[in-house]
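**Student:** Have a look at this one before I ask anything.
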Amino acid sequence: MELRAELLKSIWYAFTSLDVEKSGKVSKSQLKVLSHNLYTALNIPHDPVALEVHFRDDDDGPVSNQGYMPYLNKFILDKVVEGTFDKENVDVFCWTLCAKKNYRPKDGMGFLLDKDAFHLWCIFNFLSEDKYPLVLAPEEVEYLLKKICLAMSVELSCVDMEDFISQEPVQLSGITVWAFLDFVNTGRLTRGVENDSVTMAIDKVYQEIVGNIIKEGYLWKKGHLRRNWNERWFSLRPSTLHYYVSEDRKECKGCIELDHNCCVEVLPEKEGKRCMFCVKTLTKTYEMSAPDTKQRQEWTTAIQTAIRLCVEGKNSLHKDLKLRRRELREERERRRTTKEEELQRLCLLQGEKESKLAELELLQEAQRHSQAALLQEEQKRRQKHEELQRTLQDQLQQAEEERDNMQAEMALKDAETDRQRKRIRELEEMQLRLEEALHQEIRARQNEEAYRLAQASLLVEEEEKMKVLLALQEEQEQYILKTQREKQELRQEMVTKSQALEEAQHQLEKVRANRHRMDQDIATAQRKLRQASTSVKHWNVQMNRLMHPIGPGGELSCERLSLGGSGDPVVRGPSLRGSSLHLYHQRSEGEREKERERENEQENIEEKECEESVSIIGREERRLSQASNGDMDCA
């Protein structure tokens with residue numbers, strides 16, 4: 001499958017070069033010539049009739065790429081046998097067809113030789129993905145140019161490279177081979193380098209990537225029969241290690257087959273040879289000597305890499321490296337997509353936050369309306385109190401008139417009047433205390449509302465910090481799992497992430513501490529509210545108990561006094577307390593459970609206080625009943 005994919009890349013260039021009008025179709029006569037040359041290059045028996053038979057039902061018009069593919073697969077590619085042909089001949093044929101139409105150096109002054117351009121074309125096809133039209137990712141182009149510059153022992157110009165990659169067509173669709181060759185032909189990457197050096201560098205990269213050669217070079221090898229040392233040119237591939245008389249590779253002296261049974265060992269100096277190592281197989285041991293220690297290390301590492309590829313069933317080092325680079329690009333793309341999705345989620349969260357703020361504003365407006373209603377109700381109470389005072393004054397006037405008429409009972413009535421006046425003064429004092437208690441209750445409710453708003457803001461901040469903390473933890477865990485092989489290179493980034501996580505945890509602890517303080521403040525405000533409600537309840541009871549008639553005005557005045565003057569019952573403290581529960585139901589479930597626990601504790605305390613209040617009220621009732629009985633006896 002890999003061989004077929006590589007052949008299709010070259011054939012695609014040949015087919016598109018025959019499409020002069022760029023309509024996606026080629027005439028049958030041109031396809032016959034193309035197929036005939038492919039038969040020859042791939043060493044397949046010629047079948048000139050197959051093309052006519054395959055396209056017999058078609059009209060006389062040209063054939064598209066999709067229409068030619070079934071014939072190409074059935075009659076050509078399915079008959080290809082690996083090892084019976086030289087793929088370079090196929091590449092040369094396809095390059096010859098497509099270069100005449102597409103490869104035109106500017107001003108006719110091409111910096112590259114035709115052979116160099118052909119080698120770059122082959123390398124480009126090898127590194128490109130199996131997607132048509134064939135293009136190369138900017139990262140792969142940068143990798144290839146770095147390899148060529150490294151082979152020339154020059155440094156890649158980052159400025160020129162970035163100018164080329166930052167072009168809009170490159171960013172949108174990728175880099176075509178013709179744009180790549182035009183860029184190399186400008187000579188901006190090889191300033192001051194001779195053409196021979198460029199040719200040698202391109203040929204070296206071509207042999208390494210396309211020729212599947214891991215390493216080449218001269219080594220001294222010890223013979224098996226004569227046991228003498230000879231200098232040989234070694235060429236290492238994933239499964240073999242060939243050695244030749246010279247670097248032209250015309251006369252092969254032997255081949256070492258590499259498999260999972262082979263190994264490489266470093267040998268000590270002997271027989272006047274330094275930097276020695278050996279390759280052990282099941283049948284033989286090959287002793288070799290490198291020019292220096294660095295070369296020995298490179299050769300041993302390269303041979304171990306070849307053995308590893310053979311064990312893993314891989315036949316090309318650079319295909320494995322290409323797959324890894326593609327996985328890294330896909331991983332970066334996934335991370336970029338994930339970041340964009342996270343930004344979208346943050347925008348949604350921001351919108352939700354704004355809607356919640358709008359809801360809070362509505363709640364504040366409702367609170368202001370409720371406060372205005374409370375003020376109106378308080379004004380009504382004051383009016384009722386004034387009416388009650390006027391009624392009491394009328395009753396006092398009537399009592400004075402009756403005192404003039406009843407001189408016989410003057411002494412008793414005077415005493416009764418004094419007692420009633422004392423009660424009125426006590427009632428007025430109680431009314432003042434009641435008003436003060438109501439003001440305290442209103443202030444306590446306002447404080448509680450402010451504390452609850454502050455707590456809501458702290459809860460929102462805590463949730464945001466928790467989300468950031470969880471995101472940082474998840475990103476750190478994924479990052480540690482996926483970058484174990486690059487731990488040394490990314491250690492500084494991991495330290496930075498850990499510091500960010502610690503800072504987020506520290507901020508979360510601060511937020512929790514602030515939330516705890518706000519909970520305590522809310523509990524204090526609620527306790528003050530309950531105390532104010534209890535005080536209001538207590539003074540209402542006292543006021544109702546002390547509302548007795550001054551004289552024998554009848555049962556109607558007593559009823560009016562007990563009902564608060566106009567027949568309306570006095571508003572109790574608990575009625576005010578119900579409005580404070582409006583915001584309580586808008587909290588989260590966790591906060592409600594905590595509030596329920598705190599309210600249970602406060603209810604227990606309130607029950608005790610109520611019991612004490614009931615006992616005090618009972619004693620006051622008994623005292624008043626005894627006083628009333630005494631008055632009756634006196635009467």
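Glycine too: its Cβ is placed from the backbone N, Cα and C atoms.
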**Student:** Suppose you had to name the range TrEMBL annotates as region 'Disordered'; which of 374-404, 498-528 would you pick?
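**Tutor:** Among 374-404, 498-528, the range TrEMBL annotates as region 'Disordered' is 374-404.
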**Student:** Give the mean pLDDT for the coiled coil (311-345) on the 0 to 100 scale.
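**Tutor:** Taking every residue in the coiled coil (311-345) and averaging pLDDT yields 85.
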**Student:** Per DSSP, what is the residue count of the compositional bias 'Basic and acidic residues' (377-389) in each of helix, strand and coil?
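**Tutor:** Summed by class, the stretch gives 13 helix, 0 strand, 0 coil.
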**Student:** Which residue counts does DSSP give the domain 'PH' (212-308) for helix, strand and coil?
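**Tutor:** Counting residues per DSSP class in the domain 'PH' (212-308), I get 16 helix, 44 strand, 37 coil.
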